[in-house]
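What follows is a single structure, and I will ask about it in a moment.
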């Protein structure tokens, strides 16, 4: 290294030119003639990350420096046949794609792996090369002129080779999609065609193995012979092709985000240069530069690297390093905002600080790294590290979120309901507009079949439990009434209403009580329903739904897992019931056809004929099963239909990630997966003709019991006058049942992982549900509440993913299509199912059992509880890289899982026995108490990671701290009376600003809490006071 202020010659440097430092002031030239000599004293000591954060933190005055998504393309100067041209060799959106020279195609997207030497070389070129920012150029020829003139004026480019450099820059650009189209030869050709095309075939063969320009005859001679010296608009030049003539790769354009701009990297070797030339160009406005880019997007950045022969591979690696930097989220924002060369260098240095180096002896650089499933956020690199937040800050944030979601008490009657209506009203019109999608059609049909079968099955069970007072017809009408009302007016229409097991048990207990007392069941049930509706309205008035904040992940995942297991268990159980009713025929059908006596038995094989043909040929049936129809294996067919439906639904649902067909076809197949499975297996059943159990739908719209009507009388001669009064006691239990089922399902639907944007409506949902319960009680219909598994599958069927994703990038989950049309259509179709009886009668019940099995398994995906159960059976080295495994010891994770699993088993046992199943809602309340007791077993940090923090304890702690702080402030004010006055206030200095600790009242040094009479700004006082309270 040179001494004093001599030029620093780093060990990896090569000959290059100097360029301008500041942004150009003359738009005509695009740069200044400025050569900067760097010395050791010029290196800043500020860390690169801070410099980048300062650059990104500056305000952008105009729209020219606002960053856009970038598409980077690298072209290499090569000789194709007799022509010299730029050939596309690689491209980047987020990951790198290279042209496979042997296969003449694009490689799979992969993470770019760079050599550290190429990054240092690139940095040196940016230090010593030309940097031209905000160049005014509207086409490639003007840009080439400005670049060459700048290099000549800087003394880095000899004037004699200026035209040759410009001619090289204006050479034609050939892209991979153009080469691929030309290489598609017909499979069958005549010998004459092969002779006629032999020369072109040789040419294409050479193009597949293109060579650098310097390895062929002199590029100088080719350029001299080219008409470029006489006219720039020569054949094969970039200027010859207008924007209309150049046809970009429109198919690949779908992968590029809207508003994207291009970054072009041009590298090559020429034999008329003795020194390496480099130039980084940022145009003031992005423009389409002819055929420079593969896709028709405007170019904003151009990096040029030309040099003498001998370093082709080195230039290629430097170009890859430049393109990878431009695809980096942080550097490409720096490139947009840079006002001078130092800003670009700061971006490179920050990239080098954040880069990961792999040792050469432990990794093969030729191995392509697959893109990760999820890319970590780069926001930490953009912003300076924040000070660690106090616990109170997090609690205040949670309290704010609860208030936004309506989970905090308002202190006034129906305050939560009014807030829900105000929150949901602006979105009401969009709830209908957002349903204009084929995804909603698929969700509607899927959930229709998913809801129809349990409603009919529940109706059959209800018929047995209530003496046919309510059956399948009443369940269909209730589904129509409740579904339509809830769909139009609810706060969260993604929640699907349905019949539940606890409600069935509750109905059976009330019916048996009425039989024992000799009362009219439907009349007594009417008063229970009215009490339940009235209590729910009272709960809405006092904001009781705010208690939902105590339902944490521990309780909601226990409940969701239990319901999912019940769906799986019931699907298998129903198929086994078919096996009991139609046992497998394990014997061989003993009945054969024998020929008549004296016939031509040797000519005709009578044994192959069945009993119909046997009689036609005068044969005789012999065997013990003759005269009996053969027993068909209905059970085996049912197993095939159930498992087939489940497998087809599961496979096709994941088909959107398959490698076959265009993305839109895969998406439609994934959306309609369950529908395809239902129709495929139904057709399979119909074609074989096996008499499997079919779906039975009532074909007349009338009550099942002929002695009742559609309106229930409130009074009956059989019931005493005080029966409406005592109905309040079973109504209390029914209210707990309905409240817990409804709100737990709503919490699961509204969880933050679903990224819902239109807000929640716990109070509004409970209010609408209370009105629906009153209507159902009046009409003698079953009560419908939120169904957990159906709601989860409804949400899953409406999930949105990013449509435009870079090659190799996994689609990003954007949220859920929040609308109410699918809910309305599902239950509108259920109400009209009576008219679809001829069609629905062909659907086998085992097919619907397969849908149940699919919904149960699909509901388990994404449940942390189920993931932790699976982890218990995995060796440590095979466990997934979940975040909670990094932060909590595995033994503590297993302990938490075992406790949660024990609670699940208890819930299962209580729900399985009819004598105890009525206590199921109360056990959910007990689960909340068990979760509260876990505060004594686990630390607050562990519970925050594995579950959620319960708000009651933290809220009280914050109130106590605030009360204590007020007392301390009052005490200080009495101790220091001279600080009191008309404008007296307490001021504190936050930690780290003056070297002391905030609130450290140990002396007159920094951090002393002082009482002052200064006329400080009110906002400043509020900020300091808030900090003190924290």
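Heads up, the Cβ atoms here are built off N, Cα and C, so glycines get one too.
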For the feature transmembrane segment as recorded in TrEMBL, pick the matching range from 496-516, 559-579, 580-600, 601-621.
559-579
In TrEMBL, one of 1-35, 36-70 is tagged region 'Disordered'. Which stretch would that be?
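In TrEMBL, residues 1-35 carry the label region 'Disordered'.
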For the annotation transmembrane segment in TrEMBL, which listed range does it cover: 802-820, 821-839, 916-934, 935-953?
916-934
May I ask you to indicate which of 634-652, 691-709, 957-975, 976-994 is given in TrEMBL as transmembrane segment?
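Checked against TrEMBL: transmembrane segment maps to 634-652.
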Between the transmembrane segment (761-785) and the transmembrane segment (893-910), are there three or more C-beta pairs closer than 8 Å, counting only pairs 6 or more apart along the chain?
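Judged by the Cβ rule, the two regions do not touch, with the required three close pairs absent.
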Please work out whether the transmembrane segment (634-652) lies in contact with the transmembrane segment (526-552), by counting C-beta pairs under 8 angstroms that are 6 or more apart in sequence and asking whether there are at least 3.
no
Under 8 Å, at least three CB pairs between the transmembrane segment (893-910) and the transmembrane segment (559-579) (pairs 6 or more apart)?
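Contact criterion met.
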Are there residues at least six beyond either end of the transmembrane segment (470-489) with Cβ under 8 Å to its Cβ atoms? List them, or say none.
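Distal contacts: 451, 455-456, 458-460, 462-463, 495, 497-499, 507, 696-698, 700-705, 764-765, 768-769, 771-772, 775-776, 779-784, 820, 823-824, 826-828, 830-831, 833-834.
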Please average pLDDT over the domain 'Band 3 cytoplasmic' (69-365) for the predicted structure.
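77, rounded to a whole number.
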Top stretch among 526-552, 559-579, 664-684, 721-740, 843-863 for CB pairs under 8 A with the transmembrane segment (441-463)?
664-684
Residue list, the transmembrane segment (664-684) vs rest of chain: Cβ under 8 Å, 6 or more residues beyond ends.
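Same-chain contacts beyond the flanks: 438-439, 442-443, 445-446, 449-450, 641, 644-646, 648-649, 651-658, 797, 842-844, 847-848, 850-851, 854.
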Short question: which residues 6 or more past the ends of the transmembrane segment (559-579) have a Cβ under 8 Å from it?
501, 634-635, 638-639, 642, 692-693, 744, 748, 788-789, 792, 845-846, 849-850, 852-853, 855-857, 859-860, 863, 865-866, 904, 907-908, 911, 924, 927
Which stretch from 526-552, 721-740, 843-863 shares the most C-beta pairs under 8 Å with the transmembrane segment (916-934)?
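Ranking 526-552, 721-740, 843-863 by Cβ pairs under 8 Å to the transmembrane segment (916-934) puts 721-740 first.
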